[in-house]
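Before any comments, here is the structure.
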Amino acid sequence: MRIDTVNVLLEALPYIKEFYGKTFVIKFGGSAMKQENAKKAFIQDIILLKYTGIKPIIVHGGGPAISQMMKDLGIEPVFKNGHRVTDEKTMEIVEMVLVGKINKEIVMNLNLHGGRAVGICGKDSKLIVAEKETKHGDIGYVGKVKKVNPEILHALIENDYIPVIAPVGIGEDGHSYNINADTAAAEIAKSLMAEKLILLTDVDGVLKGDKLISTLTPDEAEELIRDGTVTGGMIPKVECAVSAVRGGVGAVHIINGGLEHAILLEIFSRKGIGTMIKELEG
């Protein structure tokens, strides 16, 4: 047992050295938010990353909690082509749940476990300037990222804080916009030239049949979309990953957030447990 523990630490050591002082943007969502054990493990992982000298930044989702709050208030959620139709009343609920509830719960748990977390949203310091998303027709106050102003994030991480970001952006029209958390995380990672973007999902990574693909280049990832290997909800995640890598992010990891300590297992081990997308070295 003791030798096993030593071996785990020795395996992690070169990665701890390599990533010391580097910025990781982590999208927290899916199973990791719904399962209590996974939620607790996520908090522990973030604290451990921080204590090994990594600078973690969290971007979180919260779709199921938004739908539940709407139902509790007697409002039936409406979806169009898989996207939430967000009228003014729905946007108020989105902001209330993401910014006022989920964000503060994550911040509280990080701080209770020895972190120094600060909760913000994309409206703070105009972190995320948004514009209306029209690709899927008019679905209300659903936005896409027009610009990221990362100065507030630099200020927080340079002063040893862990930023926790709710993906609600501000439009130049003064409206709040609900932004997909994967997209927000990718754009923030690009603005910071982050070492890594980690997307927590409900599956083990990119699959070919039932087999996990451990590593991909952006070109290979795009080919898997074209040939139909990557389908459904994994398509936008892979597209986010490709965009991030081509935008200067060192690597993107798509991993199963329902697996306890998934982040540590992916980052600090040779084999990893998910899919890593990065450019070929050299």
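Think of each number as a place in line: the chain as shown, counted from 1.
Just so you know, glycine gets a Cβ as well, placed from its N, Cα and C.
DSSP classifies GLY63 (substrate binding site) as helix under the three-state reduction. The Cβ of GLY63 (substrate binding site) has GLY29, ARG84 as same-chain neighbours under 8 Å, each 6 or more residues away in sequence. Swiss-Prot lists GLY62, GLY63, ARG84, ASN178 with the feature substrate binding site, giving sequence analysis as the kind of evidence.
In sequence order, ILE58, VAL59, HIS60, GLY61, ALA181, ASP182, ALA185, LEU197, ILE198, LEU199, LEU200 constitute the residues six or more apart from LYS27 (site 'Transition state stabilizer') in its chain with CB-CB distances below 8 Å. According to DSSP, LYS27 (site 'Transition state stabilizer') sits within a strand segment. The site 'Transition state stabilizer' annotation in Swiss-Prot covers LYS27 (among others), and the record cites sequence analysis as its basis.
The annotation site 'Transition state stabilizer' is assigned in Swiss-Prot to LYS237 (among others) on the grounds of sequence analysis. Sequence-distant contacts (6 or more apart, same chain, Cβ under 8 Å) of LYS237 (site 'Transition state stabilizer') comprise ASP182, LEU199, THR201, ILE254. Secondary structure from DSSP puts LYS237 (site 'Transition state stabilizer') in a helix.
Sitting within 8 Å of the Cβ centre of GLY62, GLY63, ARG84, ASN178, and not among those site residues for substrate, are the Cβ atoms of GLY61, ILE66, SER67, THR86, VAL94, VAL97, LEU98. Our reading of the substrate binding annotation (GLY62, GLY63, ARG84, ASN178) yields a largest Cα to Cα distance of 12 angstrom.
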